[in-house]
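Q: I'd like to ask some things about the structure below.
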């Protein structure tokens, strides 16, 4: 990434300054030797000096052994040749631990909810003696509880990992009545799945009236085509077989004969806005809140499978949750059949508060593609048309579509689909400038995006791919797109939205980056809980995010600005210890950063990033 080589061949830890440029190129062994020695030798002093919490010193007590570097050859490589094969794809067999693993024995719900009798009596597995539970509970992480300070009451009570902040000496939970009254009646998170709706979905007792109307027209059209194929097209149906278009019994109302026209649907102005892409795993609600603070305009939930939503799966419905700060929010659904997708759209329309619904027609993974979903929809145009028309029929909000250039690398097909989609009822199209075969390799084809943006008018078309700086964003806007969508760029540097809006390069300090991570940890504790389960879930999602964030190279270290998204940084020393730690591609160093904010990891903790390329072996 256009670093200048270090002038001192000794390769020491002291930076060399030439003019306004800090030059820190080093080797893998020297880099990790420095990070490990500083972390263990000073017991977190340098990390604390750079804006970390006071707990950093405590977290270094049980630090694992210094990483032993593996040789360049694998154990099974008898020839002794270095393994030059690039790591790619997902770690499909990575260890998966449930949040309950880290909570050996919990406090009984009857004790948490005072004055309640335990229905299990002596057979109950959980603690009933508060003093015994508090003695076995892991040490508190910090002195102040974010939930108590924000809402005036912590719903996790004694189970909270910051319980000292709101617990009296006789183990009673305190409340700040002024804060509780101020927040009374406010619902910070919407679109939760109610128990009643979940029960009705599981019993298949939810009515999908508008979907049934649309699907009936599909079946009628299919029957007509079958009759024409059998040579019966000349036989007209009798008057008794013909169904009246509207119900004629009873008073005739406008609703009986007038459909909701496109101009009467909710209108959303998408143009000239910054759009945070729906990111599986990392695009969770706390991360979206961080991005909202940093200037993003449009947010979208993670991809949800329509079949799982129709079955009432709690984990899938959690992907539809919306925070009150998300003023322009949509949900993305994936499916491959008109019936399930239309019913899912009606379900979302009637039971959630969203500004738009997006169809995922760009997912490249085999699990989705082989079923005909994701990128597979681009090759099944008849089904794609039926899905879009059906969802548009049942929705009161705009319908958008996200696509790729095509399936094969040298066979683009988006330019053929876009003119058709304009007639099907789509309100906005997002085009990722890569094919399914490319996945995320090579550069996005912005010349092709330019061609497609001209075909899309007057419907807005957003471009997506390789945007990591405001200069990239300015070049993208010159192509004529209505707006830009940012995905990996937001994971690597979420402050990219601020840079674009202020048209500048932000040489953000390591302390400011840690503050962003601290905001994420606070939002995570609010979303997933401040007990042991919630803390470890927050940590897991933070580590997934850090696997991307470590790719960022500080602006002050670059000889050529800006950094490009396809350039991986070499090993380099930061301007201080925390900056060096944040540049590490080692999972163990990401865990150390999480320990600064969420305390020491449990003894049985294990983490492997989702993507193989995100951490060296």
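Glycine is treated like the rest: Cβ placed from N, Cα and C.
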Q: Examine the ranges 14-39, 144-169 and name the one recorded by TrEMBL as zinc finger.
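A: Range annotated as zinc finger by TrEMBL: 144-169.
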Q: Write down the single range among 219-249, 250-280 that appears in TrEMBL as region 'Disordered'.
A: 219-249
Q: DSSP helix, strand and coil counts for the domain 'C3H1-type' (144-169)?
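A: DSSP composition of the domain 'C3H1-type' (144-169): 13 helix, 1 strand, 12 coil.
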